[in-house]
Amino acid sequence: MSPQTETKTGVGFKAGVKDYRLTYYTPEYETKETDILAAFRMTPQPGVPPEEAGAAVAAESSTGTWTTVWTDGLTSLDRYKGRCYDIEPVAGEENQYIAYVAHPLDLFEEGSVTNLFTSIVGNVFGFKASRALRLEDLRIPPSYVKTFQGPPHGIQVERDKLNKYGRPLLGCTIKPKLGLSAKNYGRAVYECLRGGLDFTKDDENVNSQPFMRWRDRFLFVAEALFKSQAETGEIKGHYLNATAGTSEEMMKRAACARELGVPIVMHDYLTGGFTANTSLAHHCRDNGLLLHIHRAMHAVIDRQKNHGMHFRVSAKALRLSGGDHIHAGTVVGKLEGERDVTLGFVDLLRDDYIEKDRSRGVYFTQDWVSLPGVLPVASGGIHVWHMPALTEIFGDDSVLQFGGGTLGHPWGNAPGAVANRVASEACVQARNEGRDLAREGNEIIREAAKWSPDLAAACEVWKEIKFEYETMNTL
């Protein structure tokens, strides 16, 4: 006689579906210093109470599933479950709330941004209880921050390596972004650097295409760097994009850059992935390379106000994963960025300790302990007339990157670089003398143009250029 399988109801277990809020909505909970805190902007489906929607987010990003399971009795749910501990309505919005969720630290692998995001945003955004969901901010506790290496070098070490202090660094993305041969590409790099820029940059699209294979580009760019350094007496850099189809190929390209003696490489961290980025950041620290990060694909994730993930979260993740520079919008150029919001995540990139400030979109106080800072890069549709505003907004610890604003100069790349360097130094000097860049900016540029023909020509070309569109990235 064959044995029969008998199903018994265990003590404390009752099969079936129950509301998430019965277990995961805990308004009485007092957060711990070790909790990872998340602020979600959520729009519940009609008929779904906000407490249920918030609890669903907490459950699905921790221990919950759609039905009660008997294996719940084999662990301590009270220790490991996420908790929705507060819900507040969003002012001026109908049926929209900020749900605050606390995640126990033991839910996350040490030093892994990949695991952090897989847990917190990996599954909940398709959940039916919410019509829309956006992760606005994360609080990373110091105990978890200390499990990450972070940026390969950080702001102070970079300045020491470059021997450049007291001003923003200046860069240029080589254009056209695609189609140049390696030799012509290197020529464009040389002209920009000898004109006075600190950096030039591969576009994020440039990897290793038929018109320009990566090794050829690396060799011609290295030649351009060394020649411009010999002529100017300044240390120069070019962001050689090491992003590739496999992590192994990426590391091979970074190793080649190190062998050539160039100071910095680049990675597209969202399309390349956090695991690859963290590996590259470790390699860069071990081998003395700076790491420039491009955020290609970010607007797919963060541009919609009600759904996705705010860039301040991606910026925090990058500081954990590792990068010495990251693109952060301009406020004044062609790419997205409201001033208060942008400065909020710029401070999260650079500063050691940032206080909660909802007026700038900072939902939690963040202590980075000993993690190095990241230089924000302002890039996209900017030119010499923007220099006063950029200097006033971003300050010295930034990279101001002019692509078309250098290469579009009527006299060529080197005069375009001269114009940007003169404009930058004029703004820094005026600021140091106590002048108001926001109010006197145009006058400062005009005064500098009187003794710089290169700047005067640039001012004439771009005097009417504006990008006046309503920003989407608002509080």
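Backbone N, Cα and C atoms are what each Cβ position is placed from, and that goes for glycine too.
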Fill in the blank from the handout: Joining ASN123, THR173, LYS177, ARG295, HIS327 at the substrate site recorded in Swiss-Prot, out of SER62, SER228, SER379, SER398, is SER379
Exercise for the section: Quick one: among the binding-site residues ASP203, GLU204, which has the most Cβ atoms sitting within 10 Å of its own Cβ? Expected result: GLU204
Handout entry: For THR173 (substrate binding site), nearby residues of its own chain (Cβ under 8 Å, 6 or more apart in sequence)
Key = THR200, LYS201, ASP202, ASP203, SER379, GLN401, GLY403
Completion exercise
For the binding-site residues listed (LYS177, HIS327), most other Cβ atoms within 10 Å of the Cβ sits at HIS327
Exercise for the section: Sequence order is fine: just name those recorded positions in ASN123, LYS175, HIS294, HIS327 with a Cα within 10 angstroms of GLU204 (Mg(2+) binding site). Expected result: HIS294
Fill in the blank from the handout: The correct three-state DSSP answer for ARG295 (substrate binding site) is coil
Practice task
For the recorded Mg(2+) site, whose residues are LYS201, ASP203, GLU204, find every other residue on that chain with a C-beta no more than 8 angstroms from the centre of their C-beta atoms, and list them by sequence position.
Solution key: THR173, ILE174, LYS177, ASP202, ASN205, VAL206, TYR239, ASN241, MET266, HIS294
Exercise for the section: Give the sequence-ordered list of residues that share a chain with LYS175 (active site, proton acceptor), lie 6 or more positions from it, and have CB atoms under 8 Å from its CB. Expected result: ASP203, GLY403, GLY404, LEU407
Handout entry: Whole-number Å value for how far HIS294 (active site, proton acceptor) lies from ASN123 (substrate binding site) (Cα to Cα)
Key = 26
